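Before I ask anything, here is the structure I am working with.
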Amino acid sequence: MSNIFTKSLSGNDADYSHDGGVIAAIFIALLSFIFTCCINGFASTGPNKIFRQSTARISDENPTEFTPAGPTFSLWGLIYSWQLAFLAYSIVNIWRTTSIGYLYNHPYTLHVAIFVLFIVNMLLNALWLFLWDRLKFGLSTIVIYAMLATIVAATVLDHVFLWNNRWDYIQLDKTSDIWIMRFIVLNGHAVYSAWLLVAASLNFTIWLKKKLPLNGEGWATTISLIFVAIGICVYWILENFVFPSQMAYTWSPWLVWLVALIGILAKHWRLLKEKSLNQILIVIISVLCVILFSVKIILFAVRYTRQEIPTGDHPAGF
């Protein structure tokens, strides 16, 4: 790689040479993904030679008011499918060409740093499963927050590099790839980030619950809910007022948060009937989510009409 941060061509020079470092990173990312999926498969079907019990059983044996209903965890299937689509798109681009070179290199949007972060995330994912299986809730909390940090960093880079290179796609007659990137890559990593915010908070709740006296267990859930609410509000501010154009089409986090909150309420509806403070707080956060998402839709519609954000006719924006 001529430069670890950017790649550019002077004039109209074409460069059809391959970059071994980037290609290696792409395929190592694929191998790390396959490895993590296999480890997840063993973890979900435990006990076996690798894991002492299943991940679901450990969750069931350590209940909290933050734990969502079982079907909510099927979001992992959606998340992994989205990551596979990201990897497939990255691999296909190795052979796709433009008038100046191979698409994975020019424009250099899928930066090698994104794949490095993804690889680290996958390895942390596998490590988390082993720590969770051994009931090391403190260490597993640290690891899952590291997972959150790496995928959030990758998501940020996705948005930055696509925005910086968007006009290159137009000039190279690859406008459709702007939309493919937005749907597969940006939303794929964003949906993973959103779910890890919930999953990390759940892990933290379980760990904190064990550290608090019996009469203070409910505070573990309360603290985690506050963290999640802050995370949702920060994201909403960023997407609507700080980076409205760059994040205009990153909608997937709202799907995750709404499903997760509904899952929590569905599992603990009896506590809600008993007017549990935490379940009332979850209702408040759920209503807040609906309001914030509704405002996002309104702002999106207004800005789209005024062409203040990228549109179908102007996918690169202005």
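Placed from the backbone N, Cα and C atoms, the Cβ positions cover glycine too.
Just so you know, TrEMBL annotations never went through curation; they're auto-generated.
Quantities reported herein were computed from a predicted structural model and do not represent experimental measurements.
Got these off TrEMBL a minute ago, pasting:
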TRANSMEM  20-43  transmembrane segment
TRANSMEM  75-96  transmembrane segment
TRANSMEM  108-130  transmembrane segment
TRANSMEM  142-163  transmembrane segment
TRANSMEM  183-206  transmembrane segment
TRANSMEM  218-238  transmembrane segment
TRANSMEM  250-269  transmembrane segment
TRANSMEM  281-302  transmembrane segment
Report, as numbers and ranges, which residues of the same chain sit near the transmembrane segment (20-43): CB under 8 Å and 6 or more residues beyond its ends.
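Here the qualifying positions are 1, 50-51, 54-55, 76, 80, 83-84, 87, 90-91, 94, 104-105, 110, 112, 115-116, 118-119, 122-123, 125-126, 129, 132-133.
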Near the transmembrane segment (281-302), which same-chain residues lie under 8 Å Cβ to Cβ, leaving out any that are not at least 6 residues past its ends?
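Tertiary neighbours of the transmembrane segment (281-302) are 222, 225, 228-229, 232-233, 236, 239-240, 244, 248, 254, 257-258, 261-262, 264-265, 268, 272, 308-309.
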So what's near the transmembrane segment (75-96) in sequence-distant terms, Cβ-Cβ under 8 Å and 6+ beyond its ends?
18, 23, 26-27, 29-30, 33, 37, 40, 102-104, 110, 115, 118, 180, 184-185, 187-189, 191-192, 195, 256, 259-260
